[in-house]
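**Student:** Straight out of TrEMBL:
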- 1-10: compositional bias 'Acidic residues' (COMPBIAS)
- 29-76: compositional bias 'Basic and acidic residues' (COMPBIAS)
- 207-229: transmembrane segment (TRANSMEM)
- 288-306: transmembrane segment (TRANSMEM)
- 380-401: transmembrane segment (TRANSMEM)
- 421-442: transmembrane segment (TRANSMEM)
- 454-474: transmembrane segment (TRANSMEM)
- 524-639: domain 'TMC' (DOMAIN)
- 601-623: transmembrane segment (TRANSMEM)
- 644-665: transmembrane segment (TRANSMEM)
- 701-725: transmembrane segment (TRANSMEM)
- 743-753: compositional bias 'Basic and acidic residues' (COMPBIAS)
- 822-832: compositional bias 'Polar residues' (COMPBIAS)
- 855-864: compositional bias 'Gly residues' (COMPBIAS)
Amino acid sequence: EDKEEDESKEEDNGSQQNRASRRKNYQRKNRDGKKAREEGSQKKDRGKTAPNKDQKESENKEKKTTKRGKEGENKQKKGRKNSTSSASSNSSDEESLSEEELAMLKEQVEQKKKLISTMRNKPWRMVKKLSVLREAQDFVEKFEGALGKGKGKKLYAYKMMMAKKWVKFKRDFENFKTQCIPWEMKIKEVESHFGSSVASYFIFLRWMYGVNLVLFGLIFGLVIIPEVLMGMPYGSLPRKTVPRAEQATAMDFSVLWDFEGYIKYSALFYGYYNNQRTIGWLKYRLPMAYFMVGISVFGYSLMVVIRSMARNANESTADGDDDNFIFSWKMFTSWDYLIGNPETADNKFASITTSFKESIVDEQESNKDENIHLRRFLRVLANVLIICCLCGSGYLIYFVVKRSQTFSKMQNVGWYERNEVEIVMSLLGMFCPPLFETIAALENYHPRIGLKWQLGRIFALFLGNLYTFLLALMDDVNEKLAEEDVVKNITHWTLLSHHNSSAGNDSTVTPPPLSPADVPRGPCWETTVGIEFVRLTVSDILVTYITILVGDFIRACFVRFVNYCWCWDLEAEFPSYAEFDISGNVLGLVFNQGMIWMGSFYAPGLVGINVLRLLTSMYFQCWAVMSSNVPHARVFKASKSNNFYMGLLLLILFLSLLPVAYTIMSLPPSFDCGPFSGKKRMYDVIQETIELDFPLFVAKIFSYVANPGLIIPAILLMVLTIYYLNAVSKAYQRANAELKKKMQMQREEEKNKRNNKASTNPMLQDLEDLLTPSTKTESPPKQAEDKKTESPNGSSPVRKPGRGEVLAGSPTASGRGAAFTPPSQVFVTQPRTLGIRAPYPGQPRPWGHPLGPVPGRGRGQPCY
């Protein structure tokens, strides 16, 4: 039985060995057959000689392979005892081959990955790039997971799958973030039809909306919500209750429209907030939070504006100088070939057209030549007229504010008298910018420079109006402070008399409490200032929307539908369609933001009103632009950065901080309203918090830091640092300008060299063709004899001339044939001969070196 089992095992091993040998023989036959076919095809291509020999050789090879296979089988039958060892060796060979294949496969995968990463840099056509890229990606996806074994193979495939998923997720997330940018498509549509200058206003509006949203979150989350949830309810204190004399008309529309009645005694204004040091079960320090939020509004705004200016400056310097080959770049690189939406394609087409108009205007303005003396006179005249308008508007506002103070002391005053200040300021803001634009037509500036001058003048108008309003308002505040002293005494006497009357009665009977509505109260000048700023903001919103409806939409409808039956062309002449007023809208936005910064300290709800205003303005003005306006007659390109807008905003921020800082540091707060009532100055809340809530050494540190002896040197150090950094930046700018000049000069030199080479090469070729006959005639006959002689070792045979070739020194070159050579002035059109002629100095040999026994040598004996 053991023998039978051994024989069966040997037979199984032999059968396995026979199968392996048959596979090898089959592979060898295929290889030999392929080689024979290749050799046969090569021989057929060469001359198709000796086909029978090739067939016989292939047949002999096949016979030899069959004989080898039979001999291998006989050997396997004879040597069954050694079959186990041979099978193990064959299996090890197969394993080694598989490892080699895996290594080769890994190298190929890495090469394909490298090819995919460097595909952009290949100087191939796009069709070839796409085909090669698809093949490489398919190869990587197919064989990348086969680089491991067993569990490692599955783990590697899982890792590669997760890596691809992660890359796809990051790409999708970036696309999602781009789509989440608010109003991006609206702004792109406006830019494609009206140019980058109009789109820059909407980008600036979107940025202002984001800033105000953050400010609203600070004020709403840290001031309004804690007071509403944890503070005393309405009607519990005199500051939170409408007086008895005003309760009958507190809900009338006319009263609410003037922000009186219940709105005045709400959380929208400063006077509603209590002066308790802590409120609620959280012991929230509301006065300290109110003061710090008011300071942080200015601090955050300053930080954001400066950061935005720095980022825009970096982007503008990183973009480089694009003043060279503008039209070529726009012509050949403007279109986006990834666009698949027809509407997007239309917008892109309109955008490219608009950009060409912008570049054409820039080119025309750079090449313009005019009378400089007349231009200077007109510009001086325009500035004088605008200064007169600014002075007149400032005087008008001061007069109206003084008049409104007299109206406030009168009774039964009409609606116009109550809102005269807001109406006059809104009308000045509506009519003065078009007047400035009409006067600016005398200056004939470039549109971009003219926009900056217009912005500066309107900014001066708004700033003058605002500060005139503030100066007149400060007079009203001083009057209210004087009135407050009288009311304070009356209030104390009223409370004291009520307390004495209750104490004089029988102690067993509790006196009725004094109603908060019956308590005399002061004028609360902080709330009055906040109401004025809220009125200005709301009136500005209404005037802006009415101007858009009447001045743009109704005007466009009139021109569109009445043009068919009118005496002249309304679209080409007066009134025509309106253009979008960039300067007026930008300065209106900046002026409104300045009022928000100043009024948010006295009216915390003012920031919420501004957020709603900006949100509705984006939709309303985008609709008005696309439906009622036409592009500017002189389309111009806006600056790459909005730093000019940001500079105006930074200036208005600084000027808005001054009145608030003055009231905080100088004026005493009201005695019966607001979170700082009962203190001499508003900033005393900081000292109170430090003394009661911090250790003693912290108070000492703050007292040392607040010493003027430290503050003044710190300010001087900051000024010197700013001066140093400004000087360094100017030095860098000069260095960059010099480097740009050097690079441009080097580029021009290279261009001139290429042009000179391109112009000299045809001239040299013509000279060569003209001088070819003379060199032929002057060549000695010895050269021909040297050519006919062989080399000593006989390694270089004599090269016979072919048809149409004539050797140098032959009779046709230096005998009778010399009479047939063309003159030197005539171009030679016959084929070149093989005669040797010396090259010109600095020129390469036209046909290279002739063949010889040593590489790089001519015919003849080798030189060592």
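Every residue, even glycine, has its Cβ placed from backbone N, Cα and C.
TrEMBL labels come from automatic prediction, so no person has curated them.
I'm curious about the neighbourhood of these features; can you describe it?
**Tutor:** For the transmembrane segment (421-442), the list of distant contacts is 378-379, 381-382, 385-386, 389, 393, 396-397, 400-401, 404, 450, 453-454, 457-458, 461-462, 465, 469, 532, 535-536, 539-540, 542-543, 547, 581, 583-584, 587-588, 591: same-chain residues at least six beyond its ends, Cβ to Cβ under 8 Å.
Residues of the same chain lying 6 or more positions beyond the ends of the transmembrane segment (454-474) and with a Cβ under 8 Å from any Cβ of it are 386, 389-390, 393-394, 397-398, 401-402, 405, 421, 425, 428-429, 432-433, 436-437, 440, 529, 532, 536, 583-584, 586-588, 590-591, 594-595, 598, 644, 648, 651-652, 655, 659.
With helix defined as DSSP H, G or I and strand as E or B, the domain 'TMC' (524-639) counts 82 helix, 4 strand, 30 coil.
Cβ atoms under 8 Å from those of the transmembrane segment (644-665) belong to residues 200, 204, 294, 298, 301-302, 305-306, 308-309, 312, 452, 455, 459, 463, 467, 470, 586-587, 590-591, 593-595, 597-598, 601, 681-683 of the same chain, restricted to positions at least 6 beyond its ends.
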**Student:** In this predicted model, what is the average pLDDT of the domain 'TMC' (524-639)?
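**Tutor:** Summing pLDDT over the domain 'TMC' (524-639) and dividing by its length gives 86.
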**Student:** For the transmembrane segment (288-306), I need the partner stretch with the highest count of C-beta pairs below 8 angstroms, choosing only from 207-229, 601-623, 701-725.
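**Tutor:** The stretch with the most close Cβ contacts to the transmembrane segment (288-306) is 207-229.
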**Student:** Other than its close neighbours in sequence, what residues sit by the transmembrane segment (207-229), given a CB gap under 8 Å and a spacing of at least six beyond its ends?
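**Tutor:** 182, 267, 272-274, 279-280, 284, 286, 289-290, 293, 296-297, 300-301, 304, 308, 589, 593, 596, 600, 604-605, 607-608, 610-611, 614-615, 618.
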**Student:** DSSP helix, strand and coil counts for the compositional bias 'Basic and acidic residues' (743-753)?
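**Tutor:** With helix first, then strand, then coil, the compositional bias 'Basic and acidic residues' (743-753) has 11 helix, 0 strand, 0 coil.
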**Student:** Can you tell me which parts of the same chain pack against the transmembrane segment (701-725), counting only residues 6+ beyond its ends and a CB-CB cutoff under 8 A?
**Tutor:** 690
